[in-house]
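As recorded in Swiss-Prot, the features of this protein are as follows:
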- ASP69: active site, proton acceptor (ACT_SITE)
- THR7, HIS8, ASN9, PRO10, HIS11, LYS12, THR70, PHE151, GLY152, TYR153, ASP154, LYS174, HIS179, ARG180: substrate binding site (BINDING)
- GLU40, ASP69: Mg(2+) binding site (BINDING)
Amino acid sequence: MKIIIATHNPHKTEEIKNFFKGYPVEIYSMADLGIKEDIEETGNTIEENALIKARFLKEKVDGIVIADDTGLFVEHLNGQPGVYSARFAGENATYEDNNKKLLKLLEGVPYEKRKAYFKTVIAVVEREKETLLEGKLEGHILDHPRGKNGFGYDPVFYVDNLEKSLAELTMEEKNKISHRADALMKLKNYILKRLEEK
């Protein structure tokens with residue numbers, strides 16, 4: 001089975017390939033197929049963005065297309081950065097820029113009011129069918145970055161029951177508990193079901 005991921009992000013591609021190791025599934029990114037176009041994420045929600053990306057790519061390729069979008073939702077900030085998580089500090093913001101802006105906005109806010117959750121939505125687009133799968137991880141925002149692993153908001157997102165930030169976890173540890181892992185687990189079950197149907 002051929003799955004194409006609507007992303008230019010090598011981290012995401014690697015993560016998804018790891019998840020499907022040992023399964024009869026071939027996974028390609030847009031880069032693998034030489035598709036260089038940027039897909040404009042014009043949706044008002046992460047669900048809309050995931051579907052926009054998957055539908056765009058499905059018009060160009062055969063196979064099952066998946067696209068995801070992730071947002072960090074901070075309670076104290078009324079759900080910000082949300083759909084703007086990747087460009088929270090501006091259009092060409094780095095991970096570090098986004099983290100700095102978030103920490104600045106939460107300066108002086110006590111720990112119990114720094115509740116946040118990550119949500120990943122995966123859109124699966126096939127010939128006649130569109131499916132949305134969702135994963136979630138709850139935690140708190142730290143007052144300074146911790147850890148060297150991962151990417152994005154991982155250094156400032158604290159997983160309470162592990163007493164570590166996401167950036168302090170190994171890829172294996174993160175893959176067991178993250179919002180992406182939760183959504184990818186649902187994707188894996190979905191794909192395995194599709195393999196059984198063949």
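Each residue, glycine too, has its Cβ placed from N, Cα and C.
If you compare every pair of Cα atoms in THR7, HIS8, ASN9, PRO10, HIS11, LYS12, THR70, PHE151, GLY152, TYR153, ASP154, LYS174, HIS179, ARG180, the residues listed for substrate, the longest distance is 21 angstrom.
A separation of roughly 14 Å, to the nearest angstrom, links the Cα atoms of GLU40 (Mg(2+) binding site) and ASN9 (substrate binding site). Of the listed recorded positions, namely ASP69, ASP154, the sparsest Cβ surroundings within 10 Å are found at ASP154.
Long-range C-beta contacts of THR7 (substrate binding site), restricted to its own chain and to partners at least six residues apart, with a cutoff below 8 Å, comprise THR13, SER29, MET30, LYS53, ALA67, ASP68. Counting only the Cα atoms, the space from ASN9 (substrate binding site) to ASP69 (active site, proton acceptor) is about 12 angstrom. Between the candidate binding-site residues, HIS11, HIS179, the densest Cβ environment within 10 Å is the one around HIS179. Sequence-distant contacts of THR70 (substrate binding site), defined by Cβ-Cβ distance under 8 angstroms and a gap of at least six in the same chain, are ILE46, SER85, PHE118, LYS119, THR120, VAL121, GLY152, HIS179, ARG180.
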